[in-house]
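Below is one structure; the comments refer to it alone.
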């Protein structure tokens, strides 16, 4: 059953597996100490959901904020990358211990997983994450996941846990993702402006929806804002998952949001094949090719991408790398795994397939990107 209402996210029958993301500003107070009473109430909610047959995965921020206080670092540990890495090293121990302690009070076992962007961009490592999550959930454990900030560099960082939550949900085969935020959903303009209206349901993250995003995290403790939440919603949408943004500030925030039906629900598309869902959720492209109108129309009909329709090649990518396919207007039409490296694509662009063997010096492949290795956006 496809999720169409906010309350269905907390029902095992409609959402048998749910990812709950908790931000730094909710978990850690301005004094740098964990908000134990608030977190204890949230854990009670998670325990009740688990008892009702719903599997729950937690994506928890807070390690940097917790570690920064212990180390006496300014700016919440975010003054520099090295500060953030050091703070995370200390804070991860405290964060994992806190979750383990509170979950144990309900007879639940916490399992810590630390991930970097590369863990979910590389297909083999992604499948390993999928297998680990499946085993933990089958054993009735509650996975508690965070970005591995102690080793992640700018190049291999998610940068926020909103998108990490969506990618984890995709890897776990979850039906929904619940983002606990410091705001109760997406508004049609800056919610501080008079007349701002919350949007209860979004069907498709369009450019108009993106235009409604405002600013970053207001607390200074986290790294995510509405823009990152919309990017997470796009990942979820492509993977066939529902995603909701709710106000995480009340005690027992999930019950409060569901009882009042207050939040923004992003509706899912239909489920994709696992490989295409992984590809659609990838956040880093190695390059791009631009195509003409004829090729764009052929892609829309479900065809593979042929080199004859390519007009431009950009980036330094290898065969098998993920690249974006841009339309004549520069808009991203698809993502796919290239059958050629960038230099070969540049030689083949605009040329008919009968010319390819002479240009390459070997028997060509059937397409520049095969339709089975491509997802339309």
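Cβ from N, Cα, C; glycine included.
According to Swiss-Prot, the features are:
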BINDING   21, 181, 182, 223, 224, 225, 226, 227, 228, 229  ATP binding site
BINDING   61, 149, 161  substrate binding site
DOMAIN    286-363  domain 'PUA'
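Feature map: Swiss-Prot annotations on the structure.
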residue: 21; record: ATP binding site; DSSP class: strand
residue: 61; record: substrate binding site; DSSP class: coil
residue: 149; record: substrate binding site; DSSP class: coil
residue: 161; record: substrate binding site; DSSP class: helix
residue: 182; record: ATP binding site; DSSP class: coil
residue: 226; record: ATP binding site; DSSP class: helix
Checklist entry - For the domain 'PUA' (286-363), DSSP counts of helix, strand and coil? => result 26 helix, 23 strand, 29 coil
Checklist entry - What number of additional C-beta atoms lies within 10 angstroms of the C-beta atom of residue 228 (ATP binding site)? => result 23
Checklist entry - Which one is closest to residue 61 (substrate binding site) in space, judged by CA to CA distance, out of the binding-site residues 21, 182, 226, 228? => result 21
Checklist entry - Taking the residues 61, 149, 161 listed for substrate, what is the greatest CA to CA distance in Å, to the nearest whole number? => result 11
Item to check | binding-site residues compared (149, 182) - highest count of Cβ atoms within 10 Å | outcome: 149
Item to check | Rounded to the nearest Å - Cα separation of residue 226 (ATP binding site) and residue 161 (substrate binding site) | outcome: 12
Checklist entry - Do you know offhand how many angstrom separate residue 21 (ATP binding site) and residue 149 (substrate binding site) by C-alpha? => result 16
Next on the checklist: Restricting to the domain 'PUA' (286-363), what is the model's mean pLDDT?
Outcome noted: 93
Checklist entry - Cα of residue 149 (substrate binding site) to Cα of residue 228 (ATP binding site): how many Å, rounded? => result 17
Next on the checklist: Within a 10 Å radius around the Cβ, which one of these binding-site residues has the most neighbouring Cβ atoms: 61, 161?
Outcome noted: 61
Item to check | Cβ neighbours of residue 226 (ATP binding site) where a neighbour is any other Cβ within 10 Å | outcome: 23
Checklist entry - Whole-number Å distance between the CA of residue 228 (ATP binding site) and the CA of residue 161 (substrate binding site)? => result 9
